[in-house]
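Straight from Swiss-Prot, the features:
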- 9-12, Lys23, Gln73, 78-79, Gly140, Glu155, Asn170, Asn228, Arg333, Lys351, Tyr366, Asn377: UDP-N-acetyl-alpha-D-glucosamine binding site (BINDING)
- Asp103, Asn228: Mg(2+) binding site (BINDING)
- Asn386, Tyr387, Ala423, Arg440: acetyl-CoA binding site (BINDING)
- 1-230: region 'Pyrophosphorylase' (REGION)
- 231-251: region 'Linker' (REGION)
- 252-459: region 'N-acetyltransferase' (REGION)
Amino acid sequence: MVKRYAVILAAGQGTRMKSKQYKVLHPVCGKPMVQHVVDQVLQLGIEKLITVVGFGAEQVKAQLGDQSEYAFQQEQLGTAHAVMQAAPYLQEKDGVTLVVCGDTPLITAETMQALLDHHLATNAKATILTAVADNPAGYGRIVRDAHGNVEKIVEHKDASEQERAIKEINTGTYCFDNKSLFEALTHVSNNNAQGEYYLTDVIEILKSNGSIISAYKAPSFEETIGVNDRVALAEAEKIMRERICRKHMMNGVTIIDPAHTYISAEVRIGRDTVIYPGTVIEGKTVIGEDCTIGPNSEIKDCWIGNGTTIRHSVAHDSEIGNDVTIGPFAHIRPSSKIDDEVRIGNFVEVKKSTFGKGSKASHLSYIGDAEVGVNVNLGCGSITVNYDGKNKHITKIEDGAFIGCNANLIAPVTVGKGAYVAAGSTITDDVPENALSIARARQVNKENYVDRLSIKKNS
C-alpha cells in the first residue's frame, strides 16, 4: 500500500473574521474547524500528519495535541511557502501527500479517499479536488484538455470570457506524489503582484515537466467551502447541523424540526428518542433511548439514561438516570447526579447535588450541595441554605425523609431517615430518624384585634 501523508494549512490569521480568536479554532457545531478536518483526515490511514501553524500556534497545538506534528510558518508568504515548512518532515519520503486547508470543516473522509483513489488510478503527480459552483466568481477555474486531464488553473481575474464561463473551480485541496511536490516547491517563485509563493504554481511546474495532472470533482460544492468570515461560518454551521440531524434521524432518532434543532458534532442519541424544536444539545452529551427532549431545552456534556423527559430546561455537566422527569423550567447545574425515576419539577434549581432513586422536588426549590437519599419528598419552596458568606456546606437528607413546603435547611445539617420537617420550618440542627421537626413560632390568634386598631380599613 502506498504510504499516505497529510499537510493541513492552518497558519493564516483570518483577518476577515474580525476576531481575537484564531480562525481555524472557531467552532462549527461545537467543534473547532481544524478539528473537523483532522478527524476526517485521520480516517484515511495517514502515516504522518503535519499541521502548519503560525499566528495562534499554541492554541492550535493545545486543541490538536499529539494528533499531529507541527511546522511553524513565521511569515505568511503564501500557500506554497506554507507547505514548504513541512519539508523537514516529509521531503525524502515515498508516497502521496494530501494538502488540505484547516478552514474547510465540511470536507469528508469519503471525498478525500475518493481523491486519493483517483490520484493513484490516473498515475498523476498531482490531483486537484475540484467542485462545480453555481456562482464561480472569485475562484480559479479548471481548464481541462481533450483527455480530461487538467491543462491549467486560471485565476478569475486572469480568465477570458470563455474561461469565466467554466463552473468547475479549484477548491484548494490537493493530492501529490510526495517527492514531486517538494521538488517542485523549490522552483516556485514569488514574482507576482502579491509577492507570495502560490501552491497553484506547483501544478504548472509539474505540468511543464510532462507530468499528468488530474482532477476529481467533489460530490457537492458545499463540502469544499472555506470559512473566511462570519457569513461563511454561519453557512458552514447550517450545513453541518443538517448533516448531524440527518445522521441521527437515519439512526432512529425523531427530530421534529431539524431546522430549529442544534446538536453538536460529538453528541450521541439512542433510538426512539424524540427531540423537539428549540433544543440545543452540546459537548459530549450522551442521551439514551426512548427519551423526550425539549422543546426549548439546553443540554451540555450530560449523560442521560433511557426513558427520561426534559422539557423547557437547562442541564450542564451532570448525570441523569433512567425514567427521570425534569421541567418545565428546571436548571440542573454542573456536578449533579440524578438517579432513576426522580422528578425535578418546574422552577427547581439543582447544583452539585445527588438525588436518590424516586425522590421528588416538584416545584420552586433550590437544592445545592446536597445529598438527597431514596424516595425523599422536597415540598414546594424547599431550600438548602448552603452558603454562609464564605464557604459552601453540605445538606444530607436521608432515605424516605419528607421536607414540608417553604422549609429552610441551614447547612451543614442532616435530616435522618424517614424524618419529617414541618412546613415553614428553618432547620439549624440535625433531625433524628423518624422524628418530626418543627422550627417556627407557634400560631397565635388574637380575637377582635382588628377592631382595636387605631387605623381601620374603609368599608
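Heads up, the Cβ atoms here are built off N, Cα and C, so glycines get one too.
Mapped onto three states, the DSSP output places Arg440 (acetyl-CoA binding site) in coil. Sequence-distant contacts of Leu9 (UDP-N-acetyl-alpha-D-glucosamine binding site), defined as residues of its own chain at least six apart whose C-beta falls under 8 angstroms from its C-beta, comprise Val52, Thr79, Ala82, Val83, Val99, Val100, Cys101, Gly102. Of the listed binding-site residues Lys23, Arg333, Arg440, the Cβ environment within 10 Å is emptiest of other Cβ atoms at Arg440. Mean predicted confidence for the region 'Pyrophosphorylase' (1-230): the pLDDT average there is 94. The distance from the Cα of Asn170 (UDP-N-acetyl-alpha-D-glucosamine binding site) to the Cα of Asn386 (acetyl-CoA binding site) comes to 61 Å. With all protein chains in the displayed structure included, the most crowded Cβ environment within 10 Å among the binding-site residues Ala11, Gly78, Gly140, Tyr387 is that of Ala11. Counting only same-chain residues 6+ beyond the ends of the region 'Linker' (231-251), those with a CB under 8 A from a CB of the stretch are 17, 26, 28-29, 33, 36, 105-106, 222, 225, 258, 261-265, 267, 269, 271, 275. Ranking the binding-site residues Asn170, Asn228, Asn386 by how many other Cβ atoms lie within 10 angstroms of each Cβ puts Asn228 at the bottom. Per Cα geometry, Lys23 is the residue among the binding-site residues Lys23, Asn386, Tyr387 nearest to Asp103 (Mg(2+) binding site).
Shown for the region 'Linker' (231-251): DSSP residue counts in helix, strand and coil, namely 20 helix, 0 strand, 1 coil. A straight line from the CA of Asn228 (Mg(2+) binding site) to the CA of Lys23 (UDP-N-acetyl-alpha-D-glucosamine binding site) spans 8 Å. Across Asn386, Tyr387, Ala423, Arg440, which the record gives as binding acetyl-CoA, the greatest C-alpha separation is 22 Å.
Rounded to a whole number, the distance between the Cα atoms of Ala11 (UDP-N-acetyl-alpha-D-glucosamine binding site) and Tyr387 (acetyl-CoA binding site) is 48 Å. Here the candidates are the binding-site residues Ala11, Lys23, Gly140. The one whose C-alpha lies nearest to that of Arg440 (acetyl-CoA binding site) is Lys23. Calculated from their C-alpha atoms, the gap between Ala11 (UDP-N-acetyl-alpha-D-glucosamine binding site) and Asn386 (acetyl-CoA binding site) amounts to 49 Å.
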